[in-house]
Amino acid sequence: MITTGLSTTSSPADPGPQARITGQMNWQSLTLLTISSFGVQVVWSSEMSQASPYFLSLGITKSQMAMVLFAGPLSGFVVQPLIGIYGDKSQHPMGRRRPFILYGSICTIVSFFIFGWSQELASIFPVSVQKTLQIWLAVVALFGMDFSVNVVAAAGRCLVVDSLRSSDQPQANAYMSRFSGAASIISLMISYVDLPRLFNTQTSQLKQVIIFSTLTFGLSQLITFMSVRERRLTLVEETSITAQNNGLVDAWVELWRTWSSLKDSPIRSVFWVQLWAWIGWFPLLFYSTTWIGEIWNSSEINHPNREEEATRIGSFGLLSQSIVSFFSTIMVPRFVSKLRKRDRSNYSSFEDGGKPLIRAWLYSQLVFSILLGFNEVFSRDYQTAIAMVGLSGFCLAISGWVPFALLGEMITEITSRSQDENNNYKLLPISKNSDVPHSTSLQPITTQTVTRDEELEEELEQIEGVLSFKEDHLKSAGTILGIHNTFIVIPQFIISLISSILFRSLENSKQSDGIGMIFLIGSLASAVSVFMCWKLIRKVER
């Protein structure tokens, strides 16, 4: 058990030391457990605000940039499910999740520095290849950064699910959302400030942002790594070890097996909502900086430093979004918590079936769909464009909190429900000469009896089945979250592909509002996610 007020889950396959989180109070332990999300969001926010303008400054086209941004979905699609699977079965002395946090953090920092110093690294080679090499170094570094930060993010999410019971999951995810919101505000404020002028230095804005981001990222991961002591798995089924050693094929088979086991589960419905929701979100997150910058550029033709200033103005849109999102993560969970306490008695599932959470998600996606749908109205000047992106922060806060809170509750509820079912099985004494009815049938009545040994064996098999079910879901938390993240990254593939085709078709055209058209596609997808939320509410009510 944790030495604080929090409660942890425990596994039948884990006779080793118990999990511990440093801290004497509930909020202290939750802070130490979830602060890793702060560093992850700093890296992501810095990448969102700096990567697109940087690549455009290197001379690549928008359609090529859209293809480069495949790094995000590809890394999430490959890395996060595999990290969940291998982590679930890991017997590493440091635990199941912390090794991934450690090694992933090192790779993230190295990749980020290569990205920012690609010009200096390319200058080592002949002048004729320096420009091309700089572009390729930046692209490879971006892929490396996306892959490694996804490792850290996946391990951090799994660590929360592993360490806490269902009643603590919403609070922990609210902490993670608040840390993410605060990180976005700070990193985007850093991106917005003219750092070379502030510090009177020749070091570029991008490099100073990278220095800040890597220091913050490394410190936050170190705090979580040093504060949490995981339970080490010392008893793992032989089949699991075999699957672990057989490589990628078995990993994907494990993903499919877990996916199949979730048939008719509300967990699957959460996945489908996420798929459509993020088809809406990624256009705004990827292109809002460029969109606002282009609107500003159209009215500031004679500005001496148009490119850098456009990037800073565009970053201010994401900054306003982050500020709204941060305060929303503080207020919305408290409001929803009051609703849940009021309605809790109406549901027999995990407390209230999560219905207030899903309702909040539905309304936020509806508002977001309307905002994207009217992007043409907001694009008349850059101030209203910034206002639109800022208002979306309320919706983003809910989208970043609700699904993870729902999944955390659902996964741990499956485990606790299995334990309750196990407690209902009793081995009753049977007299040596008595027969026990084996089943009830609609066929013609016959005498069906079994021996005492056969009956005991069947009872034990039933109990063992429940125990196995419980253990499988405990150890599959990372796999389920990996599948969930697959449904988040697939929309990135879709949007990157659509964006690349659309931008390419408009390169030689006078029509320049390609980003606005992508926003309209996102609006339609968000409307579908609203319908999927409504279906999810219907499912948890039944």
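Every residue gets a Cβ built from N, Cα and C, even glycine.
Bear in mind that TrEMBL entries carry predicted annotations, made automatically and left uncurated.
Noted in TrEMBL for the protein shown:
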TRANSMEM  27-44  transmembrane segment
TRANSMEM  64-87  transmembrane segment
TRANSMEM  99-115  transmembrane segment
TRANSMEM  135-160  transmembrane segment
TRANSMEM  172-193  transmembrane segment
TRANSMEM  205-225  transmembrane segment
TRANSMEM  270-293  transmembrane segment
TRANSMEM  313-336  transmembrane segment
TRANSMEM  357-374  transmembrane segment
TRANSMEM  386-407  transmembrane segment
TRANSMEM  480-503  transmembrane segment
TRANSMEM  515-537  transmembrane segment
Run the contact check on the transmembrane segment (64-87) against the transmembrane segment (515-537): 3 or more C-beta pairs under 8 Å, excluding pairs closer than 6 in sequence. no
Contacting positions for the transmembrane segment (205-225) when only residues 6+ beyond its ends and CB under 8 Å are counted: 32-40, 42-43, 46, 49-50, 54, 98, 101-102, 105, 108-109, 112-113, 115-117, 152, 156, 159, 183, 186-187, 190-191, 194-196, 199, 308, 311
At an 8 Å Cβ cut-off, counting only pairs 6 or more apart in sequence, do the transmembrane segment (480-503) and the transmembrane segment (27-44) clear the bar of 3 or more pairs? no
Most Cβ pairs under 8 Å with the transmembrane segment (172-193), selected from 27-44, 135-160, 357-374, 515-537: 27-44
When each of 27-44, 99-115, 313-336, 357-374, 386-407 is checked against the transmembrane segment (515-537) for Cβ pairs under 8 Å, which one has the most? 357-374
Taking residues 6+ outside the transmembrane segment (270-293), which of them lie with a CB under 8 Å of any CB in it? 48-49, 52-53, 56, 62, 69, 310-311, 313-318, 321, 361, 365, 368-369, 372, 379, 382, 385-386, 389, 392, 396, 399, 403, 406-407, 410, 483-484, 487-488, 490-492, 494-495, 499, 515-516, 518-519, 521-523, 525-526, 528-529, 532-533, 536
For the transmembrane segment (135-160), name the stretch out of 27-44, 313-336, 386-407 with the most CB-CB pairs under 8 Å. 27-44
